[in-house]
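Participant: This structure is in structure tokens; I'll ask about it shortly.
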Amino acid sequence: MKILFLFFIFYFISKSFGNIIPAPKDFKCSKESLIYTYGSGDAYFSKWSFTDSNYDLPFDCLNDNRSVTCTAEMNGENAKMLHGSISTCVIDSNGELICRFINLITNYYPNPIIEGEFKPLTKGGQTSLKGYYLAFGISSSFTILPNTKVEFQGSAFKESFDATNIMLDYQGGCGPKTLQWPNGFNFTFNHSNPIINNASSDNRSLIVTGSNFCNNSNYVNLFIDGVQIDKLNIISIDHELFEVKYNQQYCKSIVLNIVSGGLESNKFQFDYKPLPLKINSIPKSKGGSIIITGERLSSQINNSLVIVNIGQNECKQVISSKNEITCNLDSITNGSISNNLQVNISINGIVNDNNLLFSFDVPFISDFILPQGEVKLIGDCLGALQSTQVYIDDILQSNLTISINDKQTTLSFTPLNQIKKSKLYLIVNGTKSNVVDIDSSFYVKSIPSSPSVIGQIVNYTLYNINPSNYNSLPTIILKDNSTIKGIDIKNSFEYSTHSYSFQIPKGCGRNEISISIGNQTSRTEFYYEQPIITSCSIRSDQMIYCLGNFTNYLNYYENGNIKIQFSNRIIIDDIPKKPIIFENNYFLFPLKPEYGSSEISLIVCNENSRSLKIDISPSLSYLNKSPMFNSTGGQIIVNGQNFIPRTAENTSVYCFSNNQYYNCLFLNYTSISCNLQILGPFNQTCQVEFNNKEINNNITISFYPPLVSNSTMISNSSIGGIITIFGNEFYNEIDEISVGNSICSNITFINSSSVSCLVEPLIISSNQTIQQNQYVNITINGKSGGNYLMIYFQNPNTPDQGNKSTENNGKNISTDGNNNDNDKRSIILRKKWILAIILIGGVFILVGLTTFLLIKNKRKPSVIYMKNTIVSGAKKGALGIKQIRYHFDLKNFKKTTNIQDTDESIRIGAAAFREVPISPFLNVSSPPSQSSEQSLPQPPQPQLSPNQIQKLPDYDLSINDVPSSSS
């Protein structure tokens with residue numbers, strides 16, 4: 001319809017003015033130029049004149065006989081002037097210039113070019129619209145579809161108007177909007193993103209402040225920790241404030257964000273901080289339990305970290321719930337400030353910001369009751385017997401006998417006379433408490449005073465009953481407002497003082513009750529019977545084990561109404577493999593390093609049972625006062641009870657000789673090891689400091705005497721030679737070494753396990769036999785140690801020209817020496833023949849026996865025989881072990897030699913080989929090679945398997961082995 005209307009207008013103008021109204025076929029708009037294209041021979045604009053801004057915009061036109069292209073250069077300064085009324089100059093179809101007022105058809109207005117972001121505030125206000133060609137056809141306002149007018153400052157018909165920066169007076173809105181220009185150009189915009197600046201809360205709602213929230217809930221969504229809040233919970237909403245129903249009972253951080261008109265806000269963290277409102281006072285000199293009441297005093301997170309600081313003092317053993325925190329504040333004995341201390345509570349790093357102050361030693365009476373005919377005041381800092389005065393109706397009660405508990409939280413006295421509607425207060429160390437109204441004329445007493453936790457009938461006697469209430473029956477009102485009707489036990493006709501029975505239900509802890517009869521009421525209390533811990537001990541598995549009768553209390557423990565208090569803390573069941581166990585007649589829990597000797601009690605429904613002292617301090621039971629060390633040091637073992645790693649850290653050994661401390665290590669709960677690297681051989685005096693306490697008696701460390709194991713050998717005793725002695729506990733301070741009856745000279749200390757010395761030649765007669773085994777003794781620092789060792793290879797009875805006698809003139813030579821030599825040679829020859837015959841016969845016997853056994857046991861697959869023999873070495877005086885392995889089977893005899901040949905110039909010569917019977921079920925392995933400092937090989941050890949047991953023959957084997965030398 002619009003197009004048809006424009007066509008008729010254009011047709012009418014064409015008929016009226018001919019071809020002087022340009023009709024461009026195309027046009028392009030940019031910030032650099034306006035380009036209009038016309039048909040060849042058509043009229044076209046050569047200039048636009050903006051009369052209100054006194055600015056002419058010329059067009060540079062180019063005719064290529066097909067079309068005419070007209071271009072007007074553009075920049076920021078030119079664009080500012082494009083507003084108000086427009087007159088034009090036209091080149092008509094005849095080529096004539098016509099300049100007069102000819103309006104542009106709106107369809108050919110340049111399309112606006114918007115610069116930058118156009119994001120007005122949702123609440124509205126002055127907003128700048130920047131760009132090019134913004135004011136064509138515009139006088140004083142824009143249109144927001146469908147038909148909302150947006151006025152702007154100034155007028156497009158004024159010369160000072162800036163067409164590139166138009167200040168709109170925007171009235172606000174929500175969500176996307178569309179601006180429309182007269183030429184039909186539409187520009188869709190949205191508002192600025194919502195911004196959350198702050199948040200606050202009360203007990204019923206959450207209030208969020210910021211900007212660009214919108215004022216229409218249809219466009220707005222609030223998210224808390226990513227969860228959308230139901231719009232039914234929205235209390236109010238405006239562009240800068242959002243209030244929603246939300247109640248958070250715990251201390252925690254939440255993340256808020258708002259989506260308004262499809263635009264998302266920043267994520268804002270809001271802390272629901274702890275809000276402490278009230279705190280009690282405690283004695284400065286005693287410390288005590290702090291009770292803080294308020295809101296959001298705990299977290300929903302398990303194992304939350306709750307820290308309470310009062311001034312500079314940390315309140316310990318914190319227990320928190322939604323509306324209450326309890327903790328223990330230590331006593332303060334110094335002169336620090338004790339009044340108006342700031343209370344700071346941190347829950348998982350979130351700290352309160354309100355100003356709650358605490359002061360020590362401020363007496364306060366919070367309540368009173370009349371148990372068993374007494375007046376019992378309940379409060380804080382009620383003082384001590386010497387410092388507390390009781391005033392009734394401003395009169396000092398000097399004759400009262402009062403009792404105050406150790407925590408100064410209760411004060412009790414038996415009134416001398418009935419107290420009727422009086423005012424009572426205390427003065428403690430000169431500080432006056434608050435005033436309470438009190439009346440003690442009607443009171444009660446009960447038998448028993450502490451009913452069983454499983455329930456029990458209790459008799460109450462009521463005193464000073466008014467006559468008007470004689471015919472009434474009393475009622476007990478419990479804390480939960482439940483009631484118990486009394487029954488007259490009819491033990492007296494005196495109704496001013498009368499007894500009634502009540503069935504007290506099962507329960508635990510302290511119970512404050514009211515007893516009413518007629519119009520009289522007395523407030524009193526009773527405590528359920530508490531469990532009794534009879535004894536406690538520490539078991540070897542480091543569990544604290546306590547005995548008692550807890551049968552009636554199992555359900556209370558399972559329900560969490562019983563806690564174990566020890567070492568000034570509540571015991572927490574946090575060790576999976578060592579849980580707390582609570583049974584009929586005992587309970588146990590693991591001992592932890594942080595525990596110290598302390599009273600243990602059971603907290604039953606917030607009331608402590610009678611406590612019992614447990615001593616778990618480390619104790620010393622045994623310390624060796626005369627330990628023996630080896631050459632490189634040793635250990636001092638401290639034995640005792642209740643050791644923990646800290647005990648070892650606090651234990652050390654101080655030695656006087658070197659002025660050095662030695663640390664100790666924790667071994668287990670009963671042992672501590674102190675490693676001392678002290679060199680011998682001289683005795684050392686040391687002192688043990690156990691758990692930071694010196695032990696009176698010193699310890700004396702002595703060192704083991706020398707231990708002689710083996711040595712090298714000498715081939716000829718008549719010559720002597722150097723031997724190396726092996727063993728342990730050798731020191732450089734060697735007093736003497738003897739070999740047999742001789743002293744070994746030229747002593748050389750090699751290390752703690754070897755020394756060497758020179759053995760002098762032996763002077764012996766011709767018929768004397770030298771023992772190969774000699775007793776070798778080493779003396780160091782007065783301590784001796786020795787062993788029989790094989791020192792000589794053979795008896796040195798060999799030809800020696802030195803034994804020959806000669807005359808002084810050298811002419812007459814004696815023949816005695818020759819005769820002796822011949823006798824010796826004859827004896828040696830006979831011995832060799834005898835030895836050869838024995839060896840040959842042994843070989844034949846061995847071969848025959850082996851063949852017989854193989855034939856007899858041909859069903860057996862095989863057997864291995866190993867033999868060790870002494871062989872001469874390549875060097876003089878050296879012997880070794882030669883191991884020969886024999887392998888037998890049914891078909892042939894195979895001998896394998898040289899499996900292991902080792903020449904060792906060591907201690908072998910002094911040891912005798914021996915035959916060792918071996919079981920038929922043993923697999924004999926070859927002996928390991930020996931170093932010069934090791935002992936001789938031990939007899940082979942059996943290694944069995946089922947296959948070996950089946951395959952080995954049924955007869956015994958024997959093996960020649962080198963026995964180990966004794967130490």
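Glycine residues also receive a Cβ, built from the backbone N, Cα and C atoms like all the rest.
Per TrEMBL, domain 'TgrO1-like immunoglobulin-like' is recorded for 117-191, 446-525. Here TrEMBL flags 280-355, 713-782 as domain 'IPT/TIG'. Under the heading region 'Disordered', TrEMBL lists 798-819, 924-967. If you look up TrEMBL, you'll see 833-855 marked as transmembrane segment. Feature annotation from TrEMBL assigns compositional bias 'Low complexity' to 925-936.
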Participant: As a quick check of your reading of DSSP, tell me how many residues in the domain 'IPT/TIG' (280-355) are helical, how many are strand and how many are coil.
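Facilitator: Secondary-structure breakdown of the domain 'IPT/TIG' (280-355): 0 helix, 36 strand, 40 coil.
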Participant: Calculate the per-residue pLDDT averaged over the domain 'IPT/TIG' (713-782) and state the result as an integer.
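Facilitator: 85, rounded to a whole number.
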Participant: From the DSSP assignment alone, can you count helix, strand and coil residues within the domain 'TgrO1-like immunoglobulin-like' (446-525)?
Facilitator: 3 helix, 39 strand, 38 coil
Participant: What are the DSSP helix, strand and coil residue counts for the domain 'TgrO1-like immunoglobulin-like' (117-191)?
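Facilitator: Split by secondary structure, the domain 'TgrO1-like immunoglobulin-like' (117-191) comes out as 0 helix, 31 strand, 44 coil.
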